[in-house]
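Working notes for the structure below.
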């Protein structure tokens, strides 16, 4: 006999999510398997990532799964979507979302414009390979990497400031999941800077190329600032819209839209 699960479908600039309130999970579920099932485009609901959230005192805990069932440490677009959903349900405009050990301070400016204080980023973490190793990788696969830098936004990102064709982005994104280079995989950002705008495409670990990536925007913005390619504020441009990024006292602030697509019932067999 199948069970029923209430869900919400949302997206941030085309980066889409199935979102479930934990209190609606009345049975016992393997969440990794549930994520894989619901994320299927033709046999499920379809999404880039699967989100479970739960209210805890004055904040909301968010747990993120990729379409392959693996867990993710952060998602900027999902954070804006969850903030909007909570605002629509409760009227709250200032919302704290907790993901792992990171607290994200969200403010709903209006229904279509949400800002998120992502906090600081790091350019020196144990997971980051040496620059020489990255260049060895590039030479092995004959990839022209003009400028690369690793950045930790709460999840790992490699930012490549080099224009690559879509088919090459897929190849590079997949090849960079080499365990010898990045033990837990890495999100790969392909960034092109023009007129203080970053035109961005992101290969997300566990999901592949997506239409937008909020944490990728944060990481690429921070990397661009560090390398002197851009200044704050800056627009990060994706296929279906933009995010406005700025730096305040060492914190990265992301501002942009979130869209409610549907609410429904999923029949879990």
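Each residue, glycine too, has its Cβ placed from N, Cα and C.
Residue 15 (substrate binding site): 27 other CB atoms within 10 A of its CB, across all protein chains. Residues annotated as substrate binding site in Swiss-Prot: 15, 49, 66, 76, 77, 155, 187, 204, 205, 214, 215.
For 75, the entry in Swiss-Prot reads active site, proton donor, with the evidence type sequence analysis. Secondary structure at residue 75 (active site, proton donor), as computed by DSSP, is coil.
Under DSSP, residue 213 (active site, proton acceptor) is assigned to coil, being neither helix nor strand in the three-state scheme. Residue density at residue 213 (active site, proton acceptor): 31 other Cβ atoms are found within 10 A of its Cβ, drawing on all protein chains shown. Summarising the annotation, Swiss-Prot assigns active site, proton acceptor to 213 and lists sequence analysis as the type of evidence.
There are 28 other Cβ atoms within 10 Å of the Cβ belonging to residue 75 (active site, proton donor). Taking the mean position of the Cβ atoms of 15, 49, 66, 76, 77, 155, 187, 204, 205, 214, 215 as the substrate site, the remaining same-chain residues with a Cβ inside 8 Å of that point are 48, 64, 72, 74, 75, 78, 202, 207, 210, 213, 216. The least crowded of the binding-site residues 66, 187, 215, judged by other CB atoms within 10 A of its own CB, is 66.
Binding of substrate is attributed in the record to 15, 49, 66, 76, 77, 155, 187, 204, 205, 214, 215, and the widest Cα separation among these residues amounts to 17 Å. For the pair residue 187 (substrate binding site) and residue 213 (active site, proton acceptor), the Cα-Cα distance reads 10 Å.
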